[in-house]
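The structure appears below as structure tokens.
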Ligand code: AHG
Ligand code: MN
Ligand code: MN
Ligand code: MN
């Protein structure tokens with residue numbers, strides 16, 4: 001049996017590049033840089049508990065969250081590869097108060113800026129539940145040759161040229177989307193390469209999984225509560241029965257729902273009307289990925305990708321997943 005040649009991430013991005021001779025290869029190079037940072041983060045995640053990488057860093061970030069040591073480690077790995085690459089003019093990160101403009105001769109010529117959540121699901125680090133990294137890539141709107149500007153980072157999500165995530169779980173996977181499709185790569189530790197394992201991922205139009213934090217139930221709007229009740233009462237005749245799955249790492253919850261079909265909700269609450277999730281480096285990347293895969297993503301009323309961001313760390317209510325399930329939800333939110 002001839003073993004099918006499995007493309008590595010590098011081979012795949014170069015293959016994509018060859019299909020578009022006018023491309024400069026900067027985006028391919030950027031994705032390979034992110035893959036490198038992910039492999040370094042993966043090493044620390046996999047041995048967390050054996051080395052002094054668990055627990056609190058002892059600081060509180062701009063989000064008001066206890067920063068974990070692994071948050072800082074992941075942040076520094078992502079920022080390091082992007083600063084020393086040839087494709088990124090600057091970055092924005094969940095763990096940094098403001099954007100970082102690299103402002104050196106090579107970076108100022110670079111076409112892209114990157115926003116990232118270096119470690120998503122930090123609360124799960126110390127209890128060995130899967131966590132991830134999320135990234136979002138924009139072409140600069142500012143003048144090449146000069147330092148990038150804040151406007152480069154505050155573009156609507158529809159302007160993303162690529163978005164993706166890494167999930168440090170039972171295996172380590174990197175999934176990224178461009179307008180041409182969503183592809184998943186699984187890290188093969190024996191060769192230290194991400195290998196194409198999930199080509200052209202499509203999100204099923206319907207699923208049987210709904211993901212929400214029931215602990216906030218009585219703080220949700222009437223429409224959200226009604227939809228959750230509908231989810232709980234689904235039968236085989238009405239597309240169910242549904243199962244509730246909520247890990248507390250958005251990367252894991254949304255990845256599962258992308259593959260199997262399902263809906264993930266982080267609604268606003270009476271206490272936090274904007275919810276918890278950040279628009280620029282959590283909601284926009286997943287909204288882009290799900291839309292390319294055939295799903296939908298809204299804030300309850302607006303398409304996420306149409307929102308014009310005002311602030312780097314702004315939050316938004318977030319509903320994302322299978323198209324058919326999102327449309328059923330919208331019927332309850334419109335009332
Ligand atoms: P982060 O660890 O990057 O701060 O993000 C955590 C987010 C997201 O991953 C997850 O879905 C959500 O927080 C869980 O929040 P609750 O514990 O409030 O449900
Ligand atoms: Mn956090
Ligand atoms: Mn996060
Ligand atoms: Mn985070």
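The backbone N, Cα and C atoms fix where each Cβ goes, glycine too.
The Mg(2+) 1 binding site annotation in TrEMBL covers 94, 117, 119. Marked as Mg(2+) 2 binding site by TrEMBL: 117, 120, 282. Feature annotation from TrEMBL assigns substrate binding site to 213, 246, 276. The feature domain 'Fructose-1-6-bisphosphatase class I N-terminal' is assigned by TrEMBL to 8-199. What TrEMBL lists as domain 'Fructose-1-6-bisphosphatase class 1 C-terminal' is 204-332.
For residue 94 (Mg(2+) 1 binding site), other Cβ atoms within 10 Å of its Cβ number 26. Residue 282 (Mg(2+) 2 binding site) is 10 Å away from residue 276 (substrate binding site) when you measure Cα to Cα.
Looking at residue 119 (Mg(2+) 1 binding site) and residue 282 (Mg(2+) 2 binding site), their Cα atoms lie 11 Å from each other. Comparing CA positions across the binding-site residues 94, 117, 213, 246, the one lying closest to residue 282 (Mg(2+) 2 binding site) turns out to be 117. Ranking the binding-site residues 94, 213, 246 by Cα distance from residue 120 (Mg(2+) 2 binding site) puts 94 first. In the predicted model, the domain 'Fructose-1-6-bisphosphatase class I N-terminal' (8-199) shows an average pLDDT of 93.
Helix first, then strand, then coil: DSSP counts for the domain 'Fructose-1-6-bisphosphatase class 1 C-terminal' (204-332) stand at 58 helix, 19 strand, 52 coil. Reported as a whole number, the C-alpha separation between residue 246 (substrate binding site) and residue 117 (Mg(2+) 1 binding site) equals 19 Å. Other than 117, 120, 282, the residues of this chain whose Cβ falls within 8 Å of the Cβ centroid of the Mg(2+) 2 site are, in sequence order, 94, 116, 119, 121, 132, 133, 134, 165, 250, 251, 277, 278, 281, 285. Only 117, 120, 213 of the binding-site residues listed as 117, 120, 213, 246, 282 bring a Cβ under 6 Å of any atom of ligand 1; the order follows the sequence. On a Cα basis, residue 213 (substrate binding site) lies 22 Å away from residue 94 (Mg(2+) 1 binding site). Taking the mean position of the Cβ atoms of 94, 117, 119 as the Mg(2+) 1 site, the remaining same-chain residues with a Cβ inside 8 Å of that point are 71, 74, 75, 93, 95, 116, 118, 120, 122, 133, 134, 281, 282. For ligand 3, the neighbouring binding-site residues among 117, 213, 246, 276, 282 are 117, 282, by Cβ distance under 6 Å.
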